[in-house]
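Since the structure comes first, as structure tokens, the remarks are kept for the end.
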Amino acid sequence: MLVSLEGLDGSGKTTVWERLAERETYTFTHEPTGSWYGDAVRQSIDTDGADPLAELFLFTADHADHLSRVVKPALDRGEVVVTDRYSDSRYAYQGAAIEGLVPDPVAYVQEIHQPFTRPPDLTIYFEIDPETGVERSGATNKLEQQAFLESVEANYERLIDAEPDRFVRVNAEQPLDAVFEAVASIIERETAGQTD
Ligand SMILES: Nc1ncnc2c1ncn2[C@@H]1O[C@H](COP(=O)(O)OP(=O)(O)OP(=O)(O)O)[C@@H](O)[C@H]1O
Ligand SMILES: Cc1cn([C@H]2C[C@H](O)[C@@H](COP(=O)(O)O)O2)c(=O)[nH]c1=O
């Protein structure tokens, strides 16, 4: 079973993911990955003026490698995989970043993925206000900006509307302990008795 954690920058995904890894025996992974593809992505994120379409394809290359090298093999072994960000990050973030370059950016990014990706079975959406996201993340790069995160949030809402059964919302403005327990219990409930 494949579980993804999604949300705006600063929503607390990584903090919860790290705590889960201390307590649970799931397979833990993340995007951008630690591979050289992930390094290229991080270099692009930190480059103001990087071409947004080129950045989309860097993120997508990292996803393709992540799928074939980590996610699919773990799922084939019957493991529960918990990933900190996955394909919805591309639909929401690059959907916002390439606005104006193609007619329907979110649909365009989804179409690029459709032939090869493996959609998550469950996606936990860490819900926070973009303003809180900017405060918590420290606005350290071009993505952690309020206006941009407002567009990203709108794209996430569109994805949730399209697939309400896949997404579970968690109020990520609660104290961290409450967010963590909510996420842990959702995953425990949804994975009970499941292997792949
Ligand atoms: N529920 C919470 N209440 C208050 N602060 C929080 C909460 N969750 C996380 N934080 C803090 O917010 C900051 C960002 O958290 P974290 O890195 O986990 O977010 P993230 O969703 O992984 O962001 P990004 O996608 O940018 O990596 C950290 O300093 C973390 O301690
Ligand atoms: C996977 C992915 C990520 N992003 C953005 C979201 C963050 O601002 C950065 C890095 O992610 P992290 O959780 O802080 O490590 O990259 C993106 O725009 N598109 C994606 O597909």
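Each Cβ is built from the backbone N, Cα and C atoms, and glycine gets one as well.
TrEMBL annotations:
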| type | residues | note |
| --- | --- | --- |
| DOMAIN | 5-182 | domain 'Thymidylate kinase-like' |
| BINDING | Gly7, Leu8, Asp9, Gly10, Ser11, Gly12, Lys13, Thr14 | ATP binding site |
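Annotation note: Thr14 (ATP binding site) sits in a helical segment as assigned by DSSP. Shown in sequence order, Phe126, Ile128, Gly133, Arg136, Ser137, Ala172 are the same-chain residues outside Gly7, Leu8, Asp9, Gly10, Ser11, Gly12, Lys13, Thr14 whose Cβ sits within 8 Å of the Cβ centre of the ATP site. Selection of the binding-site residues Leu8, Gly12, Lys13 by a Cβ distance under 6 Å from ligand 1 yields, in sequence order, Gly12, Lys13. With a CB cut-off of under 6 A applied against ligand 2, the binding-site residues Gly7, Leu8, Asp9, Ser11, Gly12 are reduced to Asp9. Its Cβ taken as reference, Lys13 (ATP binding site) is surrounded by 26 other Cβ atoms within 10 Å in the chains shown. Mean pLDDT for the domain 'Thymidylate kinase-like' (5-182) in this predicted model: 97.
Around the Cβ of Asp9 (ATP binding site), a 10 Å sphere holds 22 further Cβ atoms from the protein chains shown. Classification of Gly7 (ATP binding site) by DSSP places it within a strand. When the binding-site residues Ser11, Thr14 are compared by the number of other CB atoms within 10 angstroms of each CB, Thr14 has the fewest.
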